[in-house]
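Taken from Swiss-Prot as is:
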BINDING   73, 104, 123, 124, 125, 126, 127, 128  S-adenosyl-L-methionine binding site
(Lines of atoms letter the chains of each structure in order from A and count residues from 1; the text may use other names and numbers.)
(Lines give C-alpha, C1' and ligand atoms only; values in the text may rest on other atoms or scores of the structure.)
Protein backbone atom coordinates (compact mmCIF):
# COMPACT_ATOMS: atom_id res chain seq x y z
CA UNK A 1 0.00 0.00 0.00
CA UNK A 2 1.16 3.50 -0.73
CA UNK A 3 0.36 6.71 1.07
CA UNK A 4 0.64 9.56 -1.39
CA UNK A 5 0.44 13.22 -0.40
CA UNK A 6 -0.74 15.22 -3.42
CA UNK A 7 -0.18 18.86 -2.54
CA UNK A 8 -0.51 22.10 -4.46
CA UNK A 9 2.74 24.04 -4.29
CA UNK A 10 6.36 23.36 -5.05
CA UNK A 11 9.79 24.79 -4.33
CA UNK A 12 9.48 24.41 -0.58
CA UNK A 13 12.25 25.60 1.74
CA UNK A 14 15.01 23.10 2.46
CA UNK A 15 13.80 22.49 6.03
CA UNK A 16 10.42 21.35 4.65
CA UNK A 17 12.02 18.91 2.21
CA UNK A 18 14.30 17.58 4.95
CA UNK A 19 11.42 17.19 7.41
CA UNK A 20 9.24 15.38 4.88
CA UNK A 21 12.06 13.05 3.79
CA UNK A 22 12.94 12.24 7.40
CA UNK A 23 9.48 10.83 8.10
CA UNK A 24 9.11 9.23 4.65
CA UNK A 25 12.31 7.23 5.15
CA UNK A 26 11.14 6.05 8.60
CA UNK A 27 8.02 4.45 7.15
CA UNK A 28 8.19 0.72 6.39
CA UNK A 29 8.34 -0.24 2.72
CA UNK A 30 4.85 -1.74 2.87
CA UNK A 31 3.51 1.72 3.81
CA UNK A 32 5.60 3.85 1.46
CA UNK A 33 5.03 7.58 1.90
CA UNK A 34 5.29 9.60 -1.32
CA UNK A 35 4.96 13.27 -2.21
CA UNK A 36 3.46 14.55 -5.47
CA UNK A 37 3.70 18.30 -5.97
CA UNK A 38 1.24 20.17 -8.16
CA UNK A 39 2.57 23.54 -9.37
CA UNK A 40 0.77 26.51 -7.85
CA UNK A 41 -0.55 28.95 -10.45
CA UNK A 42 0.84 32.44 -9.95
CA UNK A 43 -1.72 34.62 -8.26
CA UNK A 44 -1.61 38.21 -9.42
CA UNK A 45 -3.72 41.21 -8.53
CA UNK A 46 -6.42 40.40 -11.11
CA UNK A 47 -5.97 36.63 -11.19
CA UNK A 48 -8.88 34.35 -12.06
CA UNK A 49 -8.59 32.39 -8.82
CA UNK A 50 -11.60 30.17 -9.56
CA UNK A 51 -9.96 29.04 -12.81
CA UNK A 52 -6.67 28.40 -11.00
CA UNK A 53 -8.38 26.28 -8.34
CA UNK A 54 -10.15 24.29 -11.06
CA UNK A 55 -6.88 23.74 -12.98
CA UNK A 56 -5.04 22.69 -9.81
CA UNK A 57 -7.89 20.30 -8.96
CA UNK A 58 -7.75 18.75 -12.43
CA UNK A 59 -3.99 18.29 -12.09
CA UNK A 60 -4.46 16.66 -8.67
CA UNK A 61 -7.12 14.25 -9.90
CA UNK A 62 -4.97 13.36 -12.92
CA UNK A 63 -2.45 11.84 -10.47
CA UNK A 64 -5.08 9.48 -9.01
CA UNK A 65 -5.65 6.11 -10.65
CA UNK A 66 -9.11 4.50 -10.80
CA UNK A 67 -9.93 2.64 -7.60
CA UNK A 68 -7.51 4.58 -5.39
CA UNK A 69 -8.78 6.18 -2.19
CA UNK A 70 -8.98 9.97 -1.92
CA UNK A 71 -8.81 11.65 1.49
CA UNK A 72 -9.11 15.43 1.42
CA UNK A 73 -7.60 17.63 4.09
CA UNK A 74 -10.21 20.25 4.86
CA UNK A 75 -10.78 22.66 7.71
CA UNK A 76 -14.35 21.29 8.06
CA UNK A 77 -13.22 17.67 7.87
CA UNK A 78 -13.25 15.22 10.75
CA UNK A 79 -10.56 15.75 13.38
CA UNK A 80 -8.76 12.54 14.30
CA UNK A 81 -6.71 11.88 17.39
CA UNK A 82 -3.47 9.97 16.91
CA UNK A 83 -5.22 6.78 17.95
CA UNK A 84 -8.10 7.42 15.55
CA UNK A 85 -5.62 8.06 12.73
CA UNK A 86 -3.92 4.76 13.58
CA UNK A 87 -7.30 3.01 13.25
CA UNK A 88 -7.84 4.69 9.86
CA UNK A 89 -4.32 3.76 8.73
CA UNK A 90 -4.98 0.14 9.70
CA UNK A 91 -8.26 0.15 7.74
CA UNK A 92 -6.48 1.64 4.72
CA UNK A 93 -3.77 -0.97 5.02
CA UNK A 94 -6.31 -3.81 5.09
CA UNK A 95 -8.09 -2.25 2.09
CA UNK A 96 -4.73 -2.38 0.23
CA UNK A 97 -5.52 0.55 -2.07
CA UNK A 98 -3.25 3.53 -2.59
CA UNK A 99 -4.38 6.39 -0.35
CA UNK A 100 -4.13 9.89 -1.82
CA UNK A 101 -4.08 12.65 0.80
CA UNK A 102 -5.11 15.84 -1.00
CA UNK A 103 -3.93 19.28 0.16
CA UNK A 104 -5.11 22.27 -1.88
CA UNK A 105 -3.54 25.64 -2.49
CA UNK A 106 -4.07 28.90 -0.57
CA UNK A 107 -7.77 29.04 -1.47
CA UNK A 108 -8.40 25.37 -0.75
CA UNK A 109 -9.42 22.40 -2.85
CA UNK A 110 -11.44 22.39 -6.04
CA UNK A 111 -15.04 21.24 -5.53
CA UNK A 112 -14.37 18.39 -7.98
CA UNK A 113 -11.64 17.04 -5.69
CA UNK A 114 -13.88 17.27 -2.62
CA UNK A 115 -16.69 15.51 -4.50
CA UNK A 116 -14.41 12.51 -5.15
CA UNK A 117 -13.26 12.29 -1.54
CA UNK A 118 -14.08 9.17 0.46
CA UNK A 119 -13.00 10.82 3.72
CA UNK A 120 -12.45 14.38 4.89
CA UNK A 121 -9.76 14.96 7.51
CA UNK A 122 -9.09 18.14 9.46
CA UNK A 123 -5.66 18.56 10.99
CA UNK A 124 -6.82 21.52 13.05
CA UNK A 125 -9.39 24.32 13.13
CA UNK A 126 -6.37 26.62 12.85
CA UNK A 127 -5.11 27.86 9.50
CA UNK A 128 -1.76 26.12 9.04
CA UNK A 129 1.02 27.11 6.64
CA UNK A 130 1.24 24.69 3.72
CA UNK A 131 4.94 23.91 4.26
CA UNK A 132 4.24 22.90 7.86
CA UNK A 133 1.25 20.77 6.82
CA UNK A 134 3.54 18.54 4.76
CA UNK A 135 5.79 17.81 7.70
CA UNK A 136 2.83 17.40 10.04
CA UNK A 137 1.22 14.82 7.76
CA UNK A 138 4.49 12.92 7.44
CA UNK A 139 5.02 12.91 11.18
CA UNK A 140 1.44 11.88 11.95
CA UNK A 141 1.55 9.02 9.45
CA UNK A 142 4.77 7.81 11.06
CA UNK A 143 3.29 8.21 14.55
CA UNK A 144 0.15 6.29 13.56
CA UNK A 145 2.32 3.48 12.20
CA UNK A 146 4.29 3.38 15.48
CA UNK A 147 1.02 3.02 17.40
CA UNK A 148 0.04 0.07 15.22
CA UNK A 149 3.44 -1.58 15.43
CA UNK A 150 4.00 -1.01 19.16
CA UNK A 151 7.07 1.13 18.50
CA UNK A 152 8.05 3.33 21.50
CA UNK A 153 8.11 6.58 19.43
CA UNK A 154 4.49 7.39 20.31
CA UNK A 155 4.99 7.11 24.08
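Every residue number used here counts from 1 along the chain in the order it is shown.
For all residues, glycine too, the Cβ spot is worked out from N, Cα and C.
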Among 73, 123, 126, 128, the one of these binding-site residues whose Cβ has the fewest neighbouring Cβ atoms within 10 Å: 126
Among 124, 127, the most crowded of the binding-site residues [Cβ within 10 Å]: 124
Other CB atoms, at most 10 A from the CB of residue 104 (S-adenosyl-L-methionine binding site): 24
Distant-in-sequence Cβ neighbours of residue 125 (S-adenosyl-L-methionine binding site), under 8 Å, six or more positions away: 75, 79
Structural state of residue 125 (S-adenosyl-L-methionine binding site), classified by DSSP into three states: coil
Annotated S-adenosyl-L-methionine contacts 73, 104, 123, 124, 125, 126, 127, 128, maximal Cα-Cα distance (Å, integer): 16
